[in-house]
Structure formats: C-alpha cells, structure tokens
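Have a look at the structure below before the remarks.
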Amino acid sequence: MLANVVSRKASGLRQTPARATVAVKSVSGRRTTAAEPQTAAPVAAEDVFAYTKNLPGVTAPFEGVFDPAGFLATASIKDVRRWRESEITHGRVAMLAALGFVVGEQLQDFPLFFNWDGRVSGPAIYHFQQIGQGFWEPLLIAIGVAESYRVAVGWATPTGTGFNSLKDDYEPGDLGFDPLGLKPTDPEELKVMQTKELNNGRLAMIAIAAFVAQELVEQTEIFEHLALRFEKEAILELDDIERDLGLPVTPLPDNLKSL
C-alpha cells in the first residue's frame, strides 16, 4: 500500500513542469521566491526556410531561397512577412518611378506640372526643382492617403507584440485593390501572377537606380541617351563596311566619343 502511494506521488512529480524560481527580498527584508515568466521557444531556422521557399517570387535561376547575406539565419516568420511587404511596396513604387522618368521627359510642357513661368527641361533628375509647388502638394496628400490605407489594412496596432509587425490574417501586398478584376481565383495562377509582379518590381528597382546613375554621369535624358547609343553603333558598323570597301571612314562626332 505504501509503495503504491509513493509511486503515485513520484509519477505526479514527473508530470509537473518545472518552473524556474528567483529568490528576492521583500521590503520587510524576508526572503521570498517568485516564478520566472516562461518565454516562447524561438522559431526553428528550418521552419523559416520552409516558409520562405514556398512564397511567391522564388524563380529561376534561383530555384531555392536566395539569401547570400544570411538574413534568414536569425529571422522569424514575422520578419520575413514584413520584408516581403517592404519588397512588394518598393517594387511597386519603383515601377511607377521608372515609368515616370521616361514619360515625364516626353511631357515636359504638360500643364499638369504647374510650371507656368517656363518649361520643364533636361534629364528627369532635375525636374523636381523645375515643377511648380501646385503639383507636389496634391501628390503628397495622395501619397499620405494611400499609405494610411495600407497601414490600416495590413499593419497590426503598434502596442504589445504588434509593434512593427503585420496582421496575422493579412497577405503581404494584398490591399484588396483590384478594379479590373484581374486577380485569379486559382491559388497556383495567383502565385504565378504574384511572382511576375515581384520580378517586374525587382527589375524596376534596378532600372530606376541605373536611370539616376546614367543621367548623373552623362547629363542626358533616357531616350536621348538611347538614340545617341544607336547612332554611335550605326556609325561604327558603317566604318567597318567602309574599311572593307577601301572607302574613307566616317568620323565619329565628338559628342559620341564618350559614350
């Protein structure tokens, strides 16, 4: 009988989870103990990699997870979701910026720019200071409204554990804005379309950086630079033909020599 009681007591002790205690002193000086709060176990690295590998945007030639800087080694799924939201947003802004560069340089006299005292001219990197204030004010308000809507739809209340994190039921990038009804209902088709958007956004981020660098170095507009490159290549090809025929070579204009 006594053995059975001892056995049950020992079994109960084994099933009770251990809790760490911290010895503290009360105001009266007596020594007491308080239980330490239990912390959640960190998400395993394998879970983060598996989650990332199944996201839209994994594409050739990088069929696996492309993470040369090793960000995922110390990241959580919450971090990955926030980074994906940032990538989608920056890609969309870059696509608009790349389009705005080339269109803005072709519509330099368009009255929407509120530049009544003179014309907007030159590379797009110098248009900011030439365009009237009446254009930037409504644009700033529109950006503020759009960003406020994005925060309201996707971001958690910044208190407690919700600081700097997305809502649990929010799909990064999905703001519910689909006026043309192009969003596929099939999950696989949706993933393909999301991958296309990500790839176009990634290309646009590289393109807008190249646009800015090219205009800073050569001080020419995008299409003007492209036309000059074609002109130079045409002259060089013509020179090769003239050499083969024993004809005088067409000289390369000075403005094309530096291209």
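Quick reminder: no glycine exception, Cβ is built from N, Cα and C everywhere.
Here is what Swiss-Prot says about this protein:
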- Y51: chlorophyll b 1 binding site (BINDING)
- F66, E87, R202: chlorophyll a 1 binding site (BINDING)
- H90: chlorophyll a 2 binding site (BINDING)
- R92: chlorophyll b 2 binding site (BINDING)
- Q130, E197: chlorophyll a 3 binding site (BINDING)
- N200: chlorophyll a 4 binding site (BINDING)
- 1-45: transit peptide (TRANSIT)
- 93-113: transmembrane segment (TRANSMEM)
- 137-157: transmembrane segment (TRANSMEM)
- 203-223: transmembrane segment (TRANSMEM)
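On a Cα basis, H90 (chlorophyll a 2 binding site) lies 11 Å away from N200 (chlorophyll a 4 binding site). E197 (chlorophyll a 3 binding site) is 8 Å away from R92 (chlorophyll b 2 binding site) when you measure Cα to Cα. Closest to H90 (chlorophyll a 2 binding site) in space, going by CA atoms and restricting to the binding-site residues F66, Q130, R202, is R202. R202 (chlorophyll a 1 binding site) sits 21 Å from Y51 (chlorophyll b 1 binding site), taking the Cα positions as reference. As a whole number, the greatest separation of Cα atoms within the chlorophyll a 1-binding residue list F66, E87, R202 is 14 Å. Under the three-state DSSP scheme, Q130 (chlorophyll a 3 binding site) falls in the coil class. Closest by Cα distance to F66 (chlorophyll a 1 binding site), from the binding-site residues Y51, Q130, E197, is Y51. Counting Cβ atoms from all protein chains shown, Q130 (chlorophyll a 3 binding site) has 15 others lying within 10 Å of its own Cβ. Taking the centre of the Cβ atoms of F66, E87, R202 as the chlorophyll a 1 site, the nearby residues of that chain (Cβ within 8 Å, site residues left out) are G57, L198. A 10 Å cutoff on Cβ-Cβ distances gives E197 (chlorophyll a 3 binding site) a total of 17 other Cβ atoms nearby, all chains included.
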